[in-house]
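Chemist: What TrEMBL records for this protein is below:
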| type | residues | note |
| --- | --- | --- |
| BINDING | SER43, GLY44, ALA45, LEU46, GLU64, ASP93, ASP111 | S-adenosyl-L-methionine binding site |
| COMPBIAS | 206-215 | compositional bias 'Basic and acidic residues' |
| REGION | 195-234 | region 'Disordered' |
Amino acid sequence: TLGEFILEMPRGAQVIYPKDLGAILIEADVFPGSRVVEAGTGSGALTMALLRAAGPAGRVTSYELRDEFARIAEQNIRRYLGATDALVLRRADIYAGVLPDDRPVDRLILDVPEPWRVVGHAAAALVPGGIFLCYVPTVPQVTQAVEALRTSGAFAMIETIEVLVRPWNIDGLSVRPAHRMVAHTGFLTTARRVQRQAASGSGPQDGERTDAVKPDDEEETVDEVSGFGEGEPA
């Protein structure tokens, strides 16, 4: 299974574990044919889950700065899923923005240390109703991310959850929880992209933001690996 493969595959960076991957797919509502931008490819665990959920008609664009992580992720993805045209791996910095070729986006999913730095770029890239999700391990990171989402004026329905898994031992009438559980690994924060409009025949209300964030159309030079069917792995 994918869950078993993730636990055993080679790693360059820490992975998001299966207990959180399932929640991410549902909380972000990754649907067949969706256009997803992921940042923080790492070892490719989340990337593989996103590819399976988005399907062959979808597109997953994954941003990773470190070449060694990108190489390991590419090898893991090839090994488990084989060649796919639904994936684009970019050696690029998501903090600098979502590249014009990758917009518009249905879902933007982050596993990076400072997701609040991406909120403005997410507002520019996401379609109305699109979903922003970030995965972070600490409370200060959650606090700063949520504050950035709230003050941006571009997001609503902001929620944070944590997934805890406790196995149970079942042996006839002897039923008890396991002595150890898979507790905290990270927080999942989601938000919905909204575009506020003034009431018909009236201008914007005091303190109300009605303009969408303008995308930064400056091009960046990045290395792109897309359509793994086109050549051999690096």
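First residue shown is number 1, and so on along the chain.
Glycine residues also receive a Cβ, built from the backbone N, Cα and C atoms like all the rest.
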Chemist: Identify which of the binding-site residues ALA45, LEU46 has its Cβ surrounded by the largest number of other Cβ atoms within 10 Å, counting every protein chain shown.
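Modeler: That would be ALA45, with the highest Cβ count within 10 Å.
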Chemist: I need the least crowded one of these binding-site residues (GLU64, ASP93, ASP111), counting other C-beta atoms within 10 angstroms of each C-beta.
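Modeler: Sparsest of the binding-site residues GLU64, ASP93, ASP111 by Cβ contacts within 10 Å: ASP93.
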Chemist: Under 8 Å Cβ-Cβ from GLY44 (S-adenosyl-L-methionine binding site), six or more apart in the same chain: what's there?
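Modeler: Spatial neighbours, sequence-distant, of GLY44 (S-adenosyl-L-methionine binding site): MET9, ILE72, ALA73, GLU74, ASN76, ILE77.
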Chemist: What is the number of other Cβ atoms found within 10 Å of the Cβ of SER43 (S-adenosyl-L-methionine binding site)?
Modeler: 22
